[in-house]
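Quick look at what TrEMBL lists:
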| type | residues | note |
| --- | --- | --- |
| ACT_SITE | A:Asp67 | active site, proton acceptor |
| BINDING | A:His63, A:His65, A:His143, A:Asp214 | Zn(2+) 1 binding site |
| BINDING | A:Asp67, A:His68, A:Asp214, A:His272 | Zn(2+) 2 binding site |
2 protein chains.
Amino acid sequence: MSSLKLTILGCHSATPRVNAHPTSQYLEINNKHFIIDCGEGTQRQMRKYKVGFSKIDQIFISHLHGDHFFGLIGLISTFGILNREKPLHIFGPKGLKEVTLLQLRVSKSYVKFDIIYHELTSKNSELIYEDEKVTVHTIPLNHRVYTNGFLFSEKQKNRKLNPEMIQQYPEIETCDYHNIKAGKDVQLQNGEIVKNERLTLEAAKPKAYAFCSDTAFKPDIIPIIKGADLLYHEATFLEDRIDLAKKTKHSTAMEAAKIAKEAGVGKLVLGHFSSRYKNEELFKTEAETIFNNVTLAEAGKEISL
Amino acid sequence: MSSLKLTILGCHSATPRVNAHPTSQYLEINNKHFIIDCGEGTQRQMRKYKVGFSKIDQIFISHLHGDHFFGLIGLISTFGILNREKPLHIFGPKGLKEVTLLQLRVSKSYVKFDIIYHELTSKNSELIYEDEKVTVHTIPLNHRVYTNGFLFSEKQKNRKLNPEMIQQYPEIETCDYHNIKAGKDVQLQNGEIVKNERLTLEAAKPKAYAFCSDTAFKPDIIPIIKGADLLYHEATFLEDRIDLAKKTKHSTAMEAAKIAKEAGVGKLVLGHFSSRYKNEELFKTEAETIFNNVTLAEAGKEISL
């Protein structure tokens, strides 16, 4: 079973259009469920693509341009209407707390659950979230306002039981499995020690997903995202408008592909397309000139690893 | 040609869903163009139903519940991206200015055009907008927060030229038409006075549209909206949940119909339906038991008078 699934909820830049939704993603990783960025209309896209509202306990906001956070207040408000009680953690730049609290106050929409704000200010990569299954580090980006990408990493997993080998030792009981998966050897009644490696198989390699939007070409993120299985990198422009990319601190498809190649990632997802391009296949074509495994973001697209 | 056209952009209560958009309307009256309420996703609905962004100079917000204003900041921001230069007037409760300015500030989305806030605090009906063609008065409503409906009225129109009669007086020239339409008599060269009534036809009766959402049943709005050609009145519930209507300060379809009947309006549009009702036709059926001309709001529906 796949332990990492990314669902694109929206992947276009600037203003929402009928068939172009601003940035938002739903990430399932090692049975944890996260929303990344929250452009206007995110909650509608979540409903459209059957994202369970009650599964979300953490929301990560890259930066405070409207196309990445104007949908946050509506989502928070809807959590309230749905009688949410458990806390909601919001990670994002300083300012998010003030702006959401003011909106809740003027609309007298006091919600019953706690909102715990983790306001980010560091310009260095830092660990901002950790539980028993996953870590999240920031990826400092270079945009017109303070911006972070996020690296979501599965923790090292337990080794898997090897059923064939275990059957050879009838005295090993089900209640021992937990210790064996955690790496312990087994001592039999006759005193014999059975080494853990004999009873278990390699753990699945932990997966990692790097989200990088919005940013100018920034090669110094490469050490942070090195070897990630999946990289979403913004590609607002093609090389034909690299002047505009530089001016607005965005990337071209070519630049995104360079990052993917240098970082040795498994797969590259491009998004944040400018509406000036009618044929989005050109983003793929341009990136594929230097990196093989490229796919285009598209609302509703699921990418499972 | 119709001088009043209402386009429903969204008409459901509470949270946006895939096919249920929160309150927003586009009104064309006497060649003026207004947006009324601005739930999340309004700008996308405007694009979907081909509302010209550059025509909008006034936005009216009834109250500060999220389903009536969370889409405002995105629309303002998009006006900025579209390089709007002319001023935008926003009419609504106190608080709107603080909340939109803070959002623009944290997102560093300073717009080039002036936003002129007309913050409302009066509990009595007042004239809040007037130009050469239209007036807008508030309709104080009774909801959980400070709320106004809006009465949009065409001004008395000029009488129309009667071409047949004018042809009988060859010495009347095109340049005289302006004065004749404005009601003046004409003096011929022989001194004869031709009375205006002889040269003109009755002016078209000025039309009026009353928007009333959200509100508990409030009969004291009747004198304000008396004789309006079109009334939009919220009907969040049916009579089966009048308890909930009273508790949440909303109306039933029956109550909306009572207001329509007592005010002698031409046509009643119902909207703001709660998602608990799967069959919205029931709202029409209930209202029609006491008022004849009822239609249901629906995203994309145009009502021309």
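Cβ atoms are placed via backbone N, Cα and C, with glycine included.
Note that the structure is a prediction, hence the values are computed from the model and not measured.
The two recorded residues, A:His65 (Zn(2+) 1 binding site) and A:His272 (Zn(2+) 2 binding site), have Cα atoms 13 Å apart. Neighbours of the Zn(2+) 2 site: apart from A:Asp67, A:His68, A:Asp214, A:His272, residues of the same chain with C-beta atoms within 8 angstroms of the site's C-beta centroid are A:Ser13, A:Ala14, A:Pro22, A:Thr23, A:Asp37, A:Gly39, A:Ser62, A:His63, A:His65, A:Ser213, A:Glu234. Residue density at A:His63 (Zn(2+) 1 binding site): 26 other Cβ atoms are found within 10 A of its Cβ, drawing on all protein chains shown. Taking the centre of the Cβ atoms of A:His63, A:His65, A:His143, A:Asp214 as the Zn(2+) 1 site, the nearby residues of that chain (Cβ within 8 Å, site residues left out) are A:Ser62, A:Leu64, A:His68, A:Leu141, A:Arg144, A:Val145, A:Thr147, A:Ser213, A:Thr215, A:Lys249. Non-local neighbourhood of A:Asp67 (active site, proton acceptor): A:His12, A:Ser13, A:Ala14, A:Thr15, A:Pro16, A:Pro22, A:Thr23, A:Gly39, A:Glu40, each in the same chain, at least six residues away, with C-beta under 8 Å from its C-beta. Between the listed binding-site residues, namely A:His65, A:His68, A:His143, A:His272, the fewest other CB atoms within 10 angstroms of a CB are found at A:His143. Candidate binding-site residues A:His68, A:His143, A:Asp214, A:His272 yield none lying near chain B, with Cβ-Cβ distance under 8 angstroms. Only A:Asp214, from the binding-site residues A:His63, A:His143, A:Asp214, place their Cα within 10 Å of the Cα belonging to A:His272 (Zn(2+) 2 binding site). For A:Asp214 (Zn(2+) 1 binding site), the Cβ neighbour count at a 10 Å cut-off comes to 26, with all displayed protein chains included. Between the C-alpha atoms of A:Asp214 (Zn(2+) 1 binding site) and A:His68 (Zn(2+) 2 binding site), the distance comes to 9 Å.
Reduced to three states, the DSSP call for the residue listed as 'active site, proton acceptor' is helix. Taking CA atoms as the reference points, A:His68 (Zn(2+) 2 binding site) and A:His143 (Zn(2+) 1 binding site) are 13 Å apart.
Under DSSP, A:His143 (Zn(2+) 1 binding site) is assigned to coil, being neither helix nor strand in the three-state scheme.
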